[in-house]
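Taken from Swiss-Prot as is:
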BINDING   HIS59, HIS61, HIS118, ASP144  Zn(2+) 1 binding site
BINDING   ASP63, HIS64, ASP144, HIS182  Zn(2+) 2 binding site
Amino acid sequence: MAMASTIDGIHPVAVLNDNIVWVWVRGNQAIVIDPAVAAPILDWLDRRGLQLVAVLQTHHHSDHIGGTPGLLQRWSSAEVIAAADDKERIPFQTLSVRDGDEIELLGRPVRVMDVRAHTRAHIAYWLPQGEISTSLTSVLFCGDTLFSGGCGRLFEGTPADMHRALQRLGSLPPETLVCCAHEYTEANLRWAAQQEPDDALITNRLRVVEATRRSGSLTLPSSIAEEWRSNLFLRATSSEELGRLRQHKDSWRG
């Protein structure tokens with residue numbers, strides 16, 4: 001599967017069935033976000049002569065942290081950044097963060113956002129343009145909260161939690177790149193097109209996405225602006241509406 005275009009050193013690496021591991025590179029240093037498995041990431045880094053300096057974890061699910069121990073065997077000094085509320089489920093974290101924390105990585109500020117819903121301690125990482133990076137793109141690593149055309153299942157949270165999280169992410173600058181952790185765009189938009197068959201924004205985007213996937217390319221990253229145009233979950237005006245959409249999507253087998 002071909003990779004999407006790289007922007008500001010942010011690289012998507014497709015692993016397993018549909019996971020996307022993001023690798024953020026500057027010079028010979030790399031940060032990996034939600035490594036599902038170790039081997040393909042080790043290979044990717046080695047082929048480029050890169051050194052792992054940190055791992056960002058959005059939540060505790062095995063297809064997001066499964067590769068971290070293997071990466072640490074190779075780079076034992078790498079920082080593992082994760083939610084303080086998930087210390088028991090991500091025990092190898094070395095830097096525990098909370099909502100509102102700001103850290104500097106690879107010369108850029110990174111802000112931590114509490115987006116609990118998919119899990120009770122899910123966080124996202126936002127790289128704003130800010131004063132020291134005005135030439136760079138705003139980037140969001142959002143794990144399984146906001147998907148391209150969808151949102152994560154509610155394993156530990158409520159529709160109100162997800163509505164709150166999505167509205168918060170949706171308030172980020174419209175040009176912000178949405179780097180989610182799964183390539184679900186086509187299925188999400190097929191479902192959305194069934195719900196809103198007369199919505200040209202959704203149907204037009206679906207046609208583009210279908211062509212992209214047929215060509216063997218990824219559809220990610222998306223953007224906050226694109227999600228406002230065609231993501232029914234982000235467009236939901238209440239937690240009740242979001243809950244109904246989520247329940248319907250959970251049972252959809254299209």
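From the backbone N, Cα and C atoms, a Cβ is placed for every residue, glycine too.
Swiss-Prot feature annotations superimposed on the structure.
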residue	record	CB count, 10 Å
HIS59	Zn(2+) 1 binding site	28
HIS61	Zn(2+) 1 binding site	20
ASP63	Zn(2+) 2 binding site	19
HIS64	Zn(2+) 2 binding site	24
HIS118	Zn(2+) 1 binding site	26
ASP144	Zn(2+) 1 binding site	25
HIS182	Zn(2+) 2 binding site	23
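Straight-line distance linking the Cα atoms of ASP144 (Zn(2+) 1 binding site) and ASP63 (Zn(2+) 2 binding site), rounded to a whole number, equals 11 Å. The DSSP secondary structure for HIS59 (Zn(2+) 1 binding site) is coil. Other residues of the chain with a Cβ within 8 Å of the Cβ centroid of ASP63, HIS64, ASP144, HIS182, the Zn(2+) 2 site, are ASN19, ASP34, ALA36, HIS59, HIS61, GLY143, ALA181. Residues HIS59, HIS61, HIS118, ASP144 make up the record's Zn(2+) 1 site, and a Cβ search at 8 Å around their centroid adds THR58, HIS60, HIS64, THR119, HIS122, GLY143, THR145, GLY152, PHE155, ALA181 from the same chain.
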